[in-house]
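Some notes on the structure that comes next.
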Amino acid sequence: MAEAHQAVAFQFTITPEGIDLQLSYQALNQIYLSGVRSWKKRVSRVRNSLIKGVYPASPSSWLFVSIAILATMYMRSDPSMGLITKIQSVSLLLSSLHMSLSAQGQTMLSALVFSTLLWLSLILALRFCLKLLLSYHRWMFEQHGRVSNFTKTLLGLLSSRKPLLYSYQTSLPHLPVPAIKDTLSRYLRSVRPLLNDLEYKRMSELASDFEKNLGNRLQRYLKLKALWATNYVSDWWEEYIYLRGRGPIMVNSNYYGMDFLYVTPTSVQAARAGNTITALLLYRRKVNREELKPVRVPGTVIPLCAAQCERMFNTTRTPGEETDVLQHWQDSEFVAVYHKGRFFRLWVYRAGRLMSPRELEYQIQKILDDPSPPQPGEEKLGALTAGDRIPWAQVRKQYFSSGVNKRSLDVIEKAAFFITLDDEEQGMRGEDPAGNLDRYAKSLLHGKCYDRWFDKSFSIVIYKNGKNGLNAEHSWADAPTVAHLWEYTLATDAFHLGYTEDGHCKGEVEPLLPHPQRLLWDIPLEVQAQQCSSLAVAQALADDVDCHIVHFRDFGKGRIKKLRVSPDAFVQISLQLAYYRDRGSFCLTYEASMTRLFREGRTETVRSCTNESAAFVKALENGEESCRRLFRLASETHQNLYRMAMTGAGIDRHLFCLYVVSKYLGVDSPFLKEVLSEPWRLSTSQTPIQQIELFDLKNHPDYVSLGGGFGPVADDGYGVSYIITGEDMINFHVSSKHSCNQTVTNIKPAMVDTSVVCSSSSKAPLPTG
């Protein structure tokens with residue numbers, strides 16, 4: 001049977017002559033090699049902990065300091081100014097060794113103790129200087145956003161050694177708490193284009209009253225937390241924005257990433273799965289060994305926080321009645337696989353080594369060829385993760401806390417990641433490529449609502465025609481971290497692992513591989529009934545979502561940059577124009593910005609609808625002559641807001657934390673309540689391309705990524721994700737809800753014609769689209 005264990009370490013029988021013990025030396029050898037791999041990982045962790053613990057110095061620098069101190073003492077000079085003598089006289093350790101050490105030995109040991117203390121002091125001094133340097137963010141506001149030579153030189157001196165992935169973590173500054181007066185001022189400016197004079201006056205009075213009375217009290221508590229915590233926002237953001245949400249995380253929280261647009265490296269489903277699994281596990285190995293280069297601000301040497309990488313693999317969000325919990329395991333030697341209603345455990349290591357892509361393809365093909373039907377209640381078990389959280393928590397506690405159900409659920413939750421072998425074909429294909437792309441996006445966002453495990457940190461989907469994609473849970477990390485992983489996976493799959501001429505993975509298959517194991521379940525009727533209820537909730541949500549992908553090729557960042565305009569600002573202003581033409585008004589607009597310049601930083605909001613962008617849109621629609629000047633001003637304003645958000649001077653996270661403090665204190669603030677209840681009818685995010693060196697788009701122009709997307713945040717709003725690919729392409733992922741008759745996603749975006757920026761004519765040209 002497929003679910004039976006294929007390797008048994010030993011067997012024994014009891015006979016009248018005693019116990020007959022039969023050892024399987026092959027199985028014991030596998031156990032031994034697996035243990036060796038585990039110990040190698042532990043040694044690697046200890047070594048990396050030592051290296052990054054003394055960064056920006058190196059462990060070998062201790063030897064240099066010690067030799068220098070001993071050399072100066074040999075020359076009858078005391079570099080310690082008497083401290084070595086004092087150490088020798090007062091140390092209890094040395095006094096206990098007086099009988100066994102000569103006077104010269106005592107002096108040498110005291111010198112080594114002093115050298116170690118001096119070395120540690122130098123490390124702390126270097127780290128303090130590095131932290132001060134990384135706290136300097138004015139370079140971001142310099143012309144064209146370039147780092148000054150002064151900053152480059154100092155950072156190069158302090159970080160000349162090759163850093164590990166987490167080397168900068170302890171040197172990153174803490175996120176500062178903005179002055180409450182500044183935050184309120186910026187907030188009022190951000191809502192001005194959305195309110196009439198009376199509404200703005202009322203909001204100004206609420207803000208003024210809040211600042212004079214409750215605001216300063218809440219601010220004091222927040223500053224106290226900032227002194228104590230590594231990051232005053234991230235833990236509350238993770239808990240209250242993500243983990244305490246009781247509604248479905250499918251569509252509402254999870255997001256997706258897509259395959260190449262034009263290319264599918266192989267049409268063999270099992271082969272694509274074999275290479276994809278291998279690439280993901282190679283990335284995990286690099287994360288565990290800290291061999292990845294620290295992520296930096298694009299075009300600079302400034303490092304970003306890498307804390308989100310720690311929970312990338314072997315992580316699951318487990319449901320609770322009040323709040324969910326993120327569970328992370330140090331290691332996992334298997335992945336969980338779903339195919340046609342059956343769950344499997346697939347071991348990915350053999351004799352302490354990672355299986356080859358060809359071996360993994362062979363194992364996946366066994367799953368595809370397995371004719372066994374799903375067990376009762378097994379096929380739609382994943383619907384529990386797609387519906388409301390409280391019913392799933394109650395069912396999990398009552399029916400999955402012991403026995404065979406717990407053992408099988410543990411396999412899914414402790415797996416490195418989750419894989420769905422989908423029996424559909426997806427991608428830009430056939431007679432309706434645009435419509436197929438939209439269906440591809442919807443499939444990755446929610447699938448059939450029961451064939452994904454939405455609680456896993458990320459799930460990989462491999463389609464029947466070889467197309468792939470991922471669905472990521474949002475609470476543990478933000479999209480740039482997952483995008484970094486997915487870029488590596490796609491590039492490694494296509495350019496490094498590759499395929500044979502007939503589309504199969506390269507390599508050989510070792511005989512006697514352990515078969516994938518069917519997971520066993522005992523699903524009672526009560527759980528099956530709850531599956532139906534959760535599936536109904538999820539299906540209604542999925543059916544309501546409308547997704548559309550816009551593949552824009554009229555121009556891209558190459559032409560925009562020639563005009564010395566930020567491509568991101570250009571797109572954001574175009575989105576304001578599109579929304580205004582769609583609804584005849586402006587709305588509160590969310591653009592995600594990172595705060596990973598700070599330790600454990602996550603995101604901040606750039607409020608893209610500004611006075612300046614609104615003025616430009618109105619002038620353009622009215623055919624006024626000042627369009628060019630107003631566009632420049634709107635672009636500069638947006639860039640400045642983005643920089644302020646990145647450097648800790650944003651609006652929304654500060655107000656959010658003040659609101660959390662008010663709830664802990666049991667006091668109500670009409671101002672905060674109104675601010676946090678405002679709907680984000682236009683929620684936007686750019687998917688960054690972070691590893692340009694992995695993709696040779698000049699020689700392989702077809703290997704462009706579609707990026708990814710997410711569902712709408714407001715019932716009457718839009719979710720817009722975009723990726724600026726290459727020099728002449730921008731891909732948009734637009735989502736909305738069918739139930740709102742005011743939103744339509746299947747329209748061409750209103751992109752501002754670049755002649756608006758560069759034209760010397762006094763007449764404003766019309767936008768394209």
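Each residue, glycine too, has its Cβ placed from N, Cα and C.
Which of 53-71, 224-242 counts as transmembrane segment depends on TrEMBL, and there it is 53-71. The Cβ of His474 (active site, proton acceptor) has 20 other Cβ atoms within 10 Å, all protein chains considered.
On the 0 to 100 pLDDT scale, the domain 'Carnitine O-palmitoyltransferase N-terminal' (1-47) averages 54 in the predicted structure.
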